[in-house]
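Comments concern the structure below.
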Amino acid sequence: MKKILSVTTFTGMLTLLRMAAGFLMAKVIAIYLGPTGMAMLGQVQNIVAILNGLITAPVSPALIRYTAENFDGSYLKCSPWWRASLGWVLIFILILIPIFYLLSDILSLWLFGSEQYSYLIKIIALCLPISVVGIIINAINNGLQRYKKYVILGMISVIISTSVMVLLVIYKNVDGALLAISIQNAIIGFILLMLSINEPWLKFKYWIGKIDKTDFLSILRYILMALTSALALPTALLLLRNTLIANVGWDITGQWQAVWKISDAYLAVMTLALSTYYLPILSKTNTLKELKHEIKSVAKVIIPITIILSSIIYIFREFIIRLLFTDTFNEAESLFLLQLIGDNIKIVAWLYAYPLIAYGIAKWYIIAEIVFAIIFVCLGHFFVLYYGVDGANLAYLCAYIFYLIFTFILVNKVIPYSKLR
């Protein structure tokens, strides 16, 4: 428990900085662009999440697991997995960049109702190679459990990238805001590369060379899981946001997006702790008893923190809205309750979903993610028709209740018979 508290506290500093940076961006966007700009920003953020999720599918979970498992003071045992991951990344880059470049007009029309912003899709696609560098560096530091370096590098990259983004919004308004979101991950990737260029594990000999076929195929299940995550929720949000826009308009959708952004920001404290500490630790467990012990230990820390944070946000929601946005976002105050309850269910569900990632149980993880996304979109469409914008948050809550029940059953009934003794 002491270690998870230490990691949560340490990574919490990085998360607080990211939250501050995110809220600063939100404030600037709220002042310069209003609720409609916030809704447009959400559309771009989701397409960035999808593209970056696709390109980093072979990297993050697989690199964290196999680095944590194989590092014994030497990088040689990790090298085969690093080469295999890089091989998959190159394949994805060669496929995705031309596809999204060619489809940029269609995607712009779908997202914004105009081909005017097709250049953003092209920029996002062309930035993918440098974006993936940042993901690789973070994954290696995570797998090596070098939390201090992970946090310091993260803080430096957040400060620089946020400064660039704020300047773009101030001087270029809507176009600047959308461009800033489009290039954010590339800026972070470039900064992390410059700061890590002399790392011993970044030498070419560990990354370039013959790729073992078995290692290459072993990473495939992580790719499938990561692809599902990259597509499921962001696509569901795009579809749900389009439903909201069609039924309640851009302005009200922007109010909902503001609440979602606040939710994302404070949950980042939990998700960073889970990905930094929880995932590598789970990768090393060998028995069901060890697995349940880790789940309980982390739950004792993560769940109370989530409840406290969500309660504070609900109590001070009026102040938070005025602090982070403007008076035009006052209607967002009524949208917090269901969202925050859903957030708490979401964190508990993730405690049971992460073992599926750690053990590479691709089939059931993919089923859980896809079914969750379908339930979220379908319920969202139905509830929005009857309850307006509140229906989106009700759908979010119901979908994560299903997800929690499903992943709990998987951990207790599927994992013991497939991966653990």
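Yeah, the Cβs are placed from backbone N, Cα and C, and that goes for glycine too.
All annotation found in TrEMBL is predicted automatically rather than curated by experts.
The transmembrane segment annotation in TrEMBL covers 42-64 (among others).
Annotated transmembrane segment per TrEMBL: 85-113 (among others), in sequence order.
If you look up TrEMBL, you'll see 119-138 (among others) marked as transmembrane segment.
Residues or ranges marked as transmembrane segment in TrEMBL: 150-171 (among others).
The transmembrane segment feature in TrEMBL is assigned to 177-198 (among others).
The annotation transmembrane segment is assigned in TrEMBL to 219-239 (among others).
Under the heading transmembrane segment, TrEMBL lists 259-278 (among others).
Sequence-distant contacts of the transmembrane segment (298-316) (same chain, at least 6 residues past either end, Cβ-Cβ under 8 Å): 1, 4-5, 8, 262, 266-267, 269-270, 273-274, 277-278, 336-337, 340-341, 343-344, 347-348, 351. Positions annotated as transmembrane segment by TrEMBL: 298-316 (among others).
Summarising the annotation, TrEMBL assigns transmembrane segment to 336-357 (among others).
According to TrEMBL, the feature transmembrane segment maps to 364-388 (among others).
What TrEMBL records for 394-415 (among others) is transmembrane segment.
Counting Cβ pairs under 8 Å to the transmembrane segment (177-198), the top-ranked stretch among 42-64, 85-113, 119-138, 219-239 is 119-138. Proximity of distant same-chain residues to the transmembrane segment (219-239), defined by a Cβ-Cβ separation under 8 Å and at least 6 residues beyond the stretch ends, is recorded for 42-43, 46-47, 49-50, 52-54, 56-58, 60-62, 65, 81, 84-85, 88, 111, 356-357, 360, 362, 365-366, 369-370, 372-373, 376-377, 380.
When Cβ distances are compared across the two stretches, the transmembrane segment (336-357) makes no contact with the transmembrane segment (85-113), since fewer than 3 pairs at least 6 residues apart fall below 8 angstroms.
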